[in-house]
Amino acid sequence: MASVGPSAASTQPALPSGAAVFKTIPYAFILPEIVCGTWVWILVAATSVSLPLLQGWVMYVSLTSCLISLLLLLSYLLGFHRNSENWKVLDSLYHGTTAILYMSAAVLQANATINSEFGINAPLNYQLNSAASFFAFLTTFLYILHAFSIYYQ
């Protein structure tokens, strides 16, 4: 007779820790979010900012979310979550809120890109702003994917 034991699903932790973070789908998005978000604020910082209010918001959102995502990644790597289900809720709320904020920043960056087409150093600023807009929308997409993946998990 076969022995009755715990099922395979119940023996695996709900939340990964250590290197398993990079192999689990919703949590594997954190590192690309950080990298793309870093590119956004580097590219915006490299331009001559003609619209400080617009690009200031882009810098704030990208830098803040990059730092918070880094702290979240470190907490997953070090296992601070201790398999608490509250971490899933926290993760989903954070990534959903950040996706909305990043969408607003990406739209403002696209507006700054359009406005930087003409002016002093127009070709260089336009290219940098275009790249920043691309990475802002890509980062927004990554945050949306992460939020929905954790929600439907």
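Start at 1 and count along the chain as shown; that gives each residue its number.
Keep in mind that glycine also has a Cβ here, set from the backbone N, Cα and C atoms.
Lifted from TrEMBL, the feature list:
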type     : residues : note
DOMAIN   : 21-153   : domain 'MARVEL'
TRANSMEM : 27-51    : transmembrane segment
TRANSMEM : 57-80    : transmembrane segment
TRANSMEM : 92-112   : transmembrane segment
TRANSMEM : 132-152  : transmembrane segment
Report summary line: Residues outside the transmembrane segment (27-51) whose C-beta sits under 8 Å from one of its C-beta atoms, at least 6 past its ends, are 15-16, 21, 58-59, 62-63, 65-66, 69-70, 72-73, 76, 105, 109, 111-112, 115-116, 119-121, 125, 128-129, 131-132, 135-136, 138-139, 142-143, 145-146, 149
**Report entry** Tally of DSSP helical, extended and coil residues in the domain 'MARVEL' (21-153)
**Finding:** 111 helix, 0 strand, 22 coil
